[in-house]
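Written out below as structure tokens is the structure these notes cover.
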């Protein structure tokens, strides 16, 4: 299949609200020749990443918008514009190949429209973009509501935050310290000709200079290393679990933090890992098996403790709460398209329900680490403030360290262009059963 057509099919599913990019793209990649998969992914992710800007430009170029039934043609136009603006593909090839996809979609009528619009974009692109970019939403590549929320939360960091959201994310590894230390693995990478550096904050983290197929990584299949962003790697260290403890990892999929907990503390009594659906636990099982680790996996709503908790208290709980994922937009750019303003309050409510439900399962003297990959205060510091206000037996513990920014409650990491994702942590101790 033509890579532009495959990217178009995936993006159209996202634009229509039928799927996420991570769900829609893999089936399309299977239809593309291996040599074209990188281009397919670049076009789909790139068009989603810059959709607010590309959409604003398309609105200038089109006499009238496409009908809802022609979302695929709309997606094709965005992919064509992305090629002209953001890639080194020769314009004649970008336009010709993109226009030709209309026949494959059995919409030959669209060829003339696509050809005219893309050729005008090629001729007048700079002038039109100067007009389009007067709108900060287009210039910074974020929907208006999201840009407003980010500006309200992070006025001084707004431009850098948007730049990080629009950047290609780095590939970061987590060395399994059961098999050796980071420095030794860095030496192996150097010997294999793979450029990399030690992460700044995670003692197990390595950031690659350029993404690699995991099959090229020494010892990946044997469980010596995993792929995990540096910000997510901080969870295991901050939880400070000890030998003999029983640990709960709530909302555990895809299992990176579950595995890291077991790698850093091999003598835990048990790790119970809960996620909502059995299908989400498939990846967790695969990761545990590859790494040679064991955990008790439970498919259940973590809030419904009566259905899955055996009554034995946990000494440590990691609550990696469902969130807006606004700290990982660069990895999932379709978040810009899928998220709605009302989602933030709904997610904050869900997070509060999870905190309230899981707190009784924690032993007095035990610690709960609350984590999200969001940069929205309503889901982070505000959620913790509300929980502390209604929970007399909860006290906040300090999170010392050089990473992130101290907030009224917890610490916030914002995504960095050449570094970690956006993440939030807060640490609570149970001082009484109230």
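Placed from the backbone N, Cα and C atoms, the Cβ positions cover glycine too.
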Same-site S-adenosyl-L-methionine binder from 229, 320, given that Swiss-Prot records 251, 252, 253, 254, 255, 256, 257, 275, 301:
320
Nonlocal residues around residue 257 (S-adenosyl-L-methionine binding site), in sequence order (Cβ under 8 Å, 6 or more apart):
232, 235, 236, 249, 318, 320, 371
Quick one: Cα separation, residue 373 (active site, nucleophile) versus residue 255 (S-adenosyl-L-methionine binding site), in Å?
15
Which number gives the other C-beta atoms within 10 angstroms of the C-beta of residue 253 (S-adenosyl-L-methionine binding site), all protein chains shown included?
21
Counting other Cβ atoms within 10 Å of each Cβ, which of the recorded positions 251, 373 scores lowest?
251
